[in-house]
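*Asks:* Taken from Swiss-Prot, the feature active site, proton acceptor applies to Lys189. Feature annotation from Swiss-Prot assigns NADPH binding site to Ser11, Trp12, Lys106, Ala138, Arg253, Val277, Glu279. The sn-glycerol 3-phosphate binding site annotation in Swiss-Prot covers Lys106, Gly134, Ser136, Lys189, Asp242, Ser252, Arg253, Asn254.
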Amino acid sequence: MSRVGIIGAGSWGTALSLVLANNGHSVEIWSIVESEIEMLKEKHEHIDKLPGVKLPDSITFTTDIEETIKNNDILVLAVPSVFTRSTAVKMAPFVKEGQIIVCVAKGIEENTLMTISDVVESEIPCADVAVMCGPSHAEEVGRLLPTTVVAGARTQKTAEIVQDLFMNEVFRVYTSPDVLGMELGGSLKNVIALAAGMADGLGYGDNTKAALITRGIAEISVLAIEMGAKAETLFGLTGIGDLIVTCESRHSRNRKAGMLIGQGYTMDEATKEVKMVVEGIYSAKAALALAEKYDVRMPIIEEVNRVLFEDKPAKEAVSELMLRDRKIEHSSLEWK
């Protein structure tokens with residue numbers, strides 16, 4: 001049995017606490033929001049973020065981050081990506097040498113273009129940082145529906161520790177050394193999911209969605225491979241797998257925000273309606289900046305940025321994508 005501290009009491013942190021508790025681990029959840037912790041203590045259910053999912057009485061809750069870090073062997077960092085650095089700064093004075101921190105948020109820091117694990121490593125250099133991601137909505141994990149994810153780390157030993165920590169009959173965990181590919185797939189798919197949602201909001205059909213998913217993973221792969229990621233990762237669970245579920249699921253906040261924008265909502269109106277952090281909005285500018293840095297064309301992500309930040313109508317953005325210059329589907333293919 002391990003002692004695990006979960007930093008962040010949102011839907012994902014709450015769902016993962018259930019997985020860990022069911023595996024027999026000691027689990028403590030930290031949140032900076034006192035009212036959230038009081039509600040969890042009283043109800044043993046996150047009635048705002050994960051209603052209907054009852055947590056075991058063995059799970060404890062606190063607003064004392066020092067206590068959570070010092071009292072637990074392994075930490076799971078589950079705050080939204082936009083709060084990663086500020087939370088890591090709070091954690092840094094208390095993290096022990098070699099303590100494992102599992103990052104489960106998906107995003108790219110806009111001003112530095114760093115992945116989540118890179119941000120954590122820069123603020124807490126003594127930590128052993130891992131990541132875990134894949135097609136995994138908290139709502140389904142909380143209902144104990146079969147889910148498969150990937151644990152990535154710099155060393156095989158750390159990845160396997162994380163694998164053993166979480167894996168059970170309804171939560172399968174693979175391992176991977178390609179942390180960069182995992183994080184790029186997990187963050188950039190949120191931007192493509194916004195586009196998929198916009199297509200839904202405009203009333204377009206399955207043909208449009210299939211094209212966005214297929215061309216979306218092509219865009220993500222070109223950039224990620226240019227940055228050093230492996231193609232196998234992008235066409236695995238943390239790439240195409242995560243992209244499919246985020247573009248298709250009713251649980252996807254990125255798809256929902258995009259759908260509202262397609263229906264005529266502004267970006268601000270859509271995010272207020274979703275009522276949770278829409279990671280794709282924060283990753284969109286960073287994705288575009290990475291494309292420029294590595295001299296890679298990403299037409300879908302370019303158009304999403306124009307819709308989000310330049311008030312371009314979503315329908316016009318789709319039309320421009322359809323009317324781009326004629327080209328071969330894959331530049332690596334040629335006629336003999």
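In case you wondered, yes, glycine gets a Cβ from its N, Cα and C as well.
Describe the structural context of these features.
*Replies:* Mapped onto three states, the DSSP output places Lys189 (active site, proton acceptor) in helix. Taking Cβ-Cβ distances under 8 Å and a sequence separation of 6 or more, the neighbours of Lys189 (active site, proton acceptor) in its chain are Lys106, Gly216, Ile220, Gly239, Asp242, Leu243, Thr246, Cys247.
Cβ environment of Glu279 (NADPH binding site): Pro80, Ser81, Ala105, Lys106, Gly107, Ser187, Asn190, Arg253, Asn254 lie under 8 Å away, each six or more residues apart in the same chain.
Take the CB of Arg253 (NADPH binding site) and look out to 10 A: across all protein chains shown you find 23 other CB atoms.
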*Asks:* If H, G and I count as helix, E and B as strand, and all else as coil, what does DSSP give for Ser252 (sn-glycerol 3-phosphate binding site)?
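*Replies:* It is coil.
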*Asks:* Provide, as an integer number of angstrom, the distance between the C-alpha atoms of Trp12 (NADPH binding site) and Ser252 (sn-glycerol 3-phosphate binding site).
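*Replies:* Cα-Cα distance, Trp12 (NADPH binding site) to Ser252 (sn-glycerol 3-phosphate binding site): 12 Å.
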*Asks:* Around the C-beta of Asn254 (sn-glycerol 3-phosphate binding site), how many further C-beta atoms are within 10 angstroms, looking at every protein chain?
*Replies:* 26
*Asks:* Within 10 Å of the Cβ of Ala138 (NADPH binding site), how many other Cβ atoms are there?
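*Replies:* So the number of other Cβ atoms within 10 Å of Ala138 (NADPH binding site) is 22.
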